[in-house]
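Undergrad: This is the structure I want to talk about, given as structure tokens.
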Amino acid sequence: MDIFHKSYNVILSPPKVQQADETISKLCDRLEHATLFEDRKAAALGIKSFAREFKELVAAHGLKGIIQSLHRDYDDPELLKVTLETCLILTRHDDDSRASDTGLWIADQFILNQDNIQCLLQSISHKDFYVRLYSVELFSAILSCRPTELKDCLQTFPSAISSIMVPLRDSIEPVRNADLYFLSELVKDCTSIQKLVVFENAFETLFSLLENEGGVDGGIIALEALKFLNVLLKDNISNQNYFRESNHIPSLLKLLSVDTFVDGTWDTSRVQCVIEALYALQSLVPIGLSSSIANQNAVVSNHGIDVLLTLATHPDLLFFDVQKISWITLAHVVYSNARAQNSFVDSTFFDIKNTDVLTCLFDYLFLSSISPSHRYSVAFFLRSLTSENDELSSKFLKQIIHAYTHKQDNRLNIIQGYLDLVHLSDQDQYDNWFTSTILTYLVIDNDQRKYLLCSIPLFQDMDNDEDSESEDKVTFIQCVSTKLIATLRHENALQNCVGYLTLLIALVYGNPDSVKDFLSESSILQTFLTALMDESSSANSVIQGMIAVFLSLVYYYCPIESPVSKSDVYNAITSAVKRDVFINRLQRLRRMNLYEITFLSMKQKMHAIDDAADAFNTKIGEINTLDAFDEAQKQLKSLREEIDNTKEALDLSVKERSIQEEKLNESLKTSKTNLEEQTQLAEKYHEELLDNQQKLYDLRIELDYTKSNCKQMEEEMQVLREGHESEIKDFIEEHSKLTKQLDDIKNQFGIISSKNRDLLSELEKSKSLNNSLAALESKNKKLENDLNLLTEKLNKKNADTESFKNTIREAELSKKALNDNLGNKENIISDLKNKLSEESTRLQELQSQLNQDKNQIETLNERISAAADELSSMESINKNQANELKLAKQKCSNLQEKINFGNKLAKEHTEKISSLEKDLEAATKTASTLSKELKTVKSENDSLKSVSNDDQNKEKSVNNEKFKEVSQALAEANEKLNARDEEIERLKVDIIGLQNASLNMQSLKDSDNRTISDLESKNKELEKKLKEADEYWLLIVEELESKRTKDKELLRQCGQAVSEDEQSEEE
């Protein structure tokens, strides 16, 4: 009954809860150590079930067994599939932004052991579908965890990339797609892997894949393939050349051809694929590289321009990004390539459309229904089309000017609306800005085109040209400046202000004629300064910065014959704006992130100017300010005519005073010749100073190099010092230990020597006993001989017993006596034998003691040999240290040579400086003579003033101009002299620095020499101690060997044998 009750309780009791960590550890142990395949498979399935919830436990306990199963169970696809899937579960992380620690650890376990990567590479080419798929996905997971490490690891295998490329040609789509994703991530930012992939026929594989998928209509797979192609071509010149040489450009252009599309519907997948193909073509022809010229020519020869033009002007793509990227791709194709540019202009596309190039571009550029970014892509293409092609730029500019001058009503007449003051802001707010950018692209860096644009007639009725010949015409620059001033107060047209300023900066840069044209109306300059001074909250930093740049160029390129002189421009700027404020405007423009300033942000910004600028286009007393400006120009003309009449009246007085002027001219010519000579000398001195500066720069570099070498030497010496000190300490400790061992050995040797003495005394006693034994043995032998003779005689007498009885009796009596004597002898012999046995036991004891002494001597010899080895090692260390000290000495000598060379150069510089100072003194003397001559000229001018009152003003002007020229020349000479003085002072400071550096180097050298001498002395003392120790050891060994030989000789004399091994040791 008890049995049934217990079994009933067992059935009804709840089951025990099994812990996960125990189960996982058991399963992992079974997977790792089980011999049966079914056990390992069951364990792998159990581990897989726990892997999702307990990643850390499974990775900690079972990763070794999982990786072992990958190697061991390669032939079984089911178990291999389970293990690969388990690895995938462990490496994948829930958060896509950051890899988990478990995934990183597993990735490290695979990467650190190359056999694991090799196993994965083999499993990629497995027969089973899931094994191939999971292997590729596992590679992708490892790449997401450790990208750089996996790339470096794969490059160590020669056939890794070829193995990875095999699934890309697989007929099963999941495997192929997974491998495509993995490869596209693998080749990013790794040029070497990109080259290896291309050498495995990646281009042919990709194009065949695209063809099978239906080109740009292939969906996501085609998009990924095109992205992969773009990555292979971008920033990789060797792949670009291989792509061109293998004739793949027609295949890429075929993908972009509209005729190959399935239908006319443009869904998002097709648009994305076309855009990615255009990006790939852009990567093939990058801007700014000389290697892209061949690729540009190849695209042109394969009718790529017509294909791209068709996409860029396709009516269905007007509101897609495809059109914008097509114009940018065309810009890549024609940039700085005359052949491509001419082929674009001569394209049959424009003949079919019955239009010219510029009109077609302007149709899209000024189309307000499309976005500004689309329109700017056309402007960017126009810039690339005219880059480094002056002929085409001049042709386009002439077409625009011809349309304006002939008042043509077409797209080319963009200047008319651009300069019209009635419409200060265009309707879509971008036309004037685009016009400014186009004109800037066409005239930049070419003075002829700038003159052509600035010389067009403005604000004139073409029918009344003859009536207006006597009036001054308003120039192009003045009109653009006026339009800019009038536009500043319109908040919705500030992007046009940026365009106007950009064009003005391009016209003024490097062109004094344009600056003269701008300064012909001084009121415009004042209005610009008022805009620059604006400190209100609505002021725009970009516009103020560009105005500051423009005024800087105006001042820099201001010519001598300008209506407003250069000094007046400077005074006007400095009086209106402080220097710090002006620099602040420039710095604010420089700090602006211009890429973030979009058209919309420019539209929302506001700017205000003062009352004069606000009232510029208002009417005052029924008169327009522009008409008042024209009347002011007429008055200026009348004043110029009056000046001409006064000049004719003054010609007579000029002739009378021509003689005096000739004299003055001669004196001025002489002064000019002297100044020219001084300038030539100054140029020579300047060249010499430049050479000296270059030499000083070289010396500074050498000084820096020597300082760095000195620092390295100091560090090395410090390391050597520390090493020597530690080694010396160790040597002293070892020496003390050896001395202690020597003392112990000496004590032991004294004990052994005393024992040897006792042995010698006992051996002498044994010798005497042996001698007595030998004498007794000789006597015994003699007695035995006598006995033998007697026995012979007895035998003879026995034969004659009968006859000699008497003799027998006597013989018997003698025999008894002899027997008595023999008994006594036998007792003596037994006693002697006992004594010999005692002596032999003593000899054995002595021999055992000798063997012990031999063992002690051998241990001492071993210690001596070890000490000798240590001494030899210390000698080798000392030799190495001596070699290092020699090298340090050599480095110090080299540094000393460099310092001597620097001192020589410093001396040469001082000599040149002294010569320059002498030349400066001579130049100051000549300057003083010139000042005296100027004083004489002034006195002559004063005398001429009293001659005539009518001609006084003219003479004053002439003399003042000459005086100004001479004074300017003197000022320039003084400036040059001051500059030379400053350079001389700099040279002196550099020489002082060189001298200080040489002193520092000398002190460092002295300290190094001291340390070297100290180390050498210490080494010598150590060598002496080592020699003394060697001699002492040799003496001890010789004494031990001599005593050992004596002991052996004593043993031989005692009659004991010496082994052959001992004799060989003696030899």
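Just so it is clear, glycine is given a Cβ too, placed from its N, Cα and C backbone atoms.
For 623-1034, the entry in Swiss-Prot reads coiled coil. Residues or ranges marked as compositional bias 'Basic and acidic residues' in Swiss-Prot: 934-943, 951-962. Residues or ranges marked as region 'Disordered' in Swiss-Prot: 934-962. The annotation repeat 'ARM 1' is assigned in Swiss-Prot to 51-92. Positions annotated as repeat 'ARM 3' by Swiss-Prot: 148-188. The repeat 'ARM 4' annotation in Swiss-Prot covers 191-234. Marked as repeat 'ARM 5' by Swiss-Prot: 237-285. The feature repeat 'ARM 7' is assigned by Swiss-Prot to 343-366. What Swiss-Prot records for 367-405 is repeat 'ARM 8'. The repeat 'ARM 9' feature in Swiss-Prot is assigned to 407-446. Look at Swiss-Prot and you will find 484-513 tagged as repeat 'ARM 10'. The repeat 'ARM 11' annotation in Swiss-Prot covers 514-555. What Swiss-Prot lists as repeat 'ARM 12' is 648-688. If you look up Swiss-Prot, you'll see 830-873 marked as repeat 'ARM 14'. The repeat 'ARM 15' annotation in Swiss-Prot covers 958-997.
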Undergrad: In the repeat 'ARM 4' (191-234), how many residues does DSSP assign to helix, to strand and to coil?
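TA: Each residue of the repeat 'ARM 4' (191-234) counted once, the result is 38 helix, 0 strand, 6 coil.
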Undergrad: Could you pull the average pLDDT for the repeat 'ARM 15' (958-997)?
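TA: Looking only at the repeat 'ARM 15' (958-997), pLDDT averages out to 60.
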Undergrad: Tally Cβ pairs under 8 Å between the repeat 'ARM 9' (407-446) and each listed stretch (51-92, 343-366, 484-513), then give the stretch with the top tally.
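TA: By Cβ pairs under 8 Å, 484-513 leads among 51-92, 343-366, 484-513.
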Undergrad: Which numbers of helix, strand and coil residues does DSSP report for the repeat 'ARM 5' (237-285)?
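TA: Residue counts in helix, strand and coil order: 37 helix, 0 strand, 12 coil.
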Undergrad: Treating G and I as helix alongside H, and B as strand alongside E, what does DSSP give for the repeat 'ARM 1' (51-92) in helix, strand and coil?
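TA: Going through the repeat 'ARM 1' (51-92) residue by residue, I get 34 helix, 0 strand, 8 coil.
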Undergrad: In the repeat 'ARM 11' (514-555), how many residues does DSSP assign to helix, to strand and to coil?
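TA: Across the repeat 'ARM 11' (514-555), DSSP assigns the residues as follows: 33 helix, 0 strand, 9 coil.
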